[in-house]
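Everything below concerns the one structure shown next.
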Amino acid sequence: MAWPVLIQGLRFDIILACALTLVPAALLPWLAGSARAMRVTRLYFVLSFAVIVFLEVASPTFIAEYDGRPNLLFVEYLRYPREVFSMLWTAYRLQLVLGLVVVALATAYFRRLLLAVTPVAVSSGVAARLGLSVLLVFACALGIRSSFGHRPANPSVVAFSSDLLVNDLALNSSYSLAYAIYSNQRHERGIKAYGSKPWDSVVGDVRDAMQLDEQAFISPALPTLHRNDWVEPGQDHPNIVIILEESLGAEYVGALGGIGVTPRLDELAREGIWFAQLYATGTRSVRGIEAVVTGFTPTPARSVVKLPKSQTGFFTLAQLLNDYHYDTSFIYGGEAHFDNMRQFFMGNGFDRVIEQKDYPAPDFVASWGVSDEDLLARAHHEFAAMASRGQRFFSLVFTSSNHSPFEFPDGRIELHEQPRATVNNAVKYADFALGQFFDQAKNSSYWDHTIFVVVADHNSRVRGADRVPVEYFRIPGLILGGPVEPRVIARQASQIDLLPTVLHLAGIDAAHPAIGQDLLRPDIDQVSGRAIMQYGALQAYMEGDRIVILSPGQEPQMYGYHSADGYTAPRAVDEALIERALSHSIWSIEAYQQSLYRLPKG
């Protein structure tokens, strides 16, 4: 495997070099005699070199954290310099300092090399300069294209391994980052990443997968707007609280066969509806928010939390509950502008946002905000106050203590391991804070009339040799509270299924566009479980023990899948399943582009 990686790596280095050289190469034959032009050109190449070296120096730490070369996430985090630099300085101080030193020394040496280059004389004739300019542009363009085929080279040409990291190693980090930005812009403009098919067929496949009668769909203009007729409408709807746990994968949860650093959650699992096979839709917090709060399926573009067309009028649980006179809030320990959360929530049905500045005297403040204890204590205070006024409420509470650099208060837990600042210890602290909150909630005036959902946004780190490492998408999910009868749901489920399930429990039969499955519907045993997972540019559609992998520029691939054995050869290729997977990927993009994921106006 080493030689293909090396050879293709050289190919993509040439692509990058030619891309950076194209404009100077076109201009230099005309500006060769200008000292100022030469200084500007040298500055351009020095700055370009510094950026390339910086990205390569940053890559090992980024790969260790995210199992791939720098991608769109690298750029998005730069929008929040205070939070990100605080995290880097706390967790990666040595790497940061050494990296900057390496960049400075390498750039200084490269500048010396450029200054030592002797200029080459260029003929003053127009024809000679024009010819040289055309020749250089042609050579650079050929190098950028790096192919005589119908399509230029792109990352799919190095997809020679089922391990995405191995494929990524053939690229350089500058190319990887630039291509990620380019691809994201295409996807946000509605370019289909995995293929196209007629819209009627897409809608038909998505509706069929929902397994509802045709009369359940009530709007020709909004293809998935439907009403579940099995839900008995209640008169006194309960409060709804979603506690979104940061980076809590199944591997940490004892009740899911993990290492057991969640003793309080393991206890609570016996007191409510416990999901034994629940899968996240992605690997970032905004993807989890997208799935849990809106029920929207993932795409290779950014989460709808960040996209421009979804900043207002996009369906959310809060928006629907406004019609039922709920007070709706987002409670967070950090700064809510991060990941565009505040704007998205305030534009889509949330009445209030409580963030770090709203905690007058927190006991502990970390890089990402106040501790989970402070957060959940504030949530309890808010809920008790609303209950005392007889105000029905919905709240999304988002934790942050289990986030690198893993800072939490002293003296709360017996450490799972040394050193202190590890994910296992942070998970154990977050679990401690969660348990403490429920101790308070059970003795509160709001407990008997509140449905609580505890669910992870994603795993702490999704990695592995598989193209989509499915087991690292498995997360805990629990619904409990006064009105909830304990049970275990062992079927395969997705984060997007929680929204319709909670509406059922709350006795809310309102029409909505979410395509998730109500896991409490009377005929659920006749409905196939499924999960949709976005892993970088790849999307996996898993239904039972079969999985379809969609990859840009490639044909869909179908496999068998078992948690014990991983990917296996399929018993037979199911074209209907492949079409269903493709339809869901197209539906998400078109529903966003055409503003189809909303409640009816008026």
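Quick reminder: no glycine exception, Cβ is built from N, Cα and C everywhere.
Note that this is a predicted model, so its numbers are computed, not measured.
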Residue among E232, E246, E251, E267 sharing the Mn(2+) site, where TrEMBL lists D457, H458 as binders: E246
Best-contacting stretch, by C-beta pairs under 8 Å, relative to the transmembrane segment (113-144) and drawn from 12-31, 43-64, 84-106: 12-31
Other parts of the chain folded back onto the transmembrane segment (43-64), taken as Cβ under 8 Å at six or more residues beyond its ends: 16, 20, 24, 70, 74, 92, 95, 99, 102-103, 106-107, 110-111, 114, 165, 168, 172-174, 177
Neighbour tally for H403 (substrate binding site), based on other Cβ positions within 10 Å of its Cβ: 23
Cα-to-Cα gap, E246 (Mn(2+) binding site) vs H403 (substrate binding site), nearest whole Å: 7
Entry from the binding-site residues list E246, D457 having the most other CB atoms no farther than 10 A: D457
Recorded positions: S285, H458 - member with fewest neighbouring CB atoms within 10 Å: S285
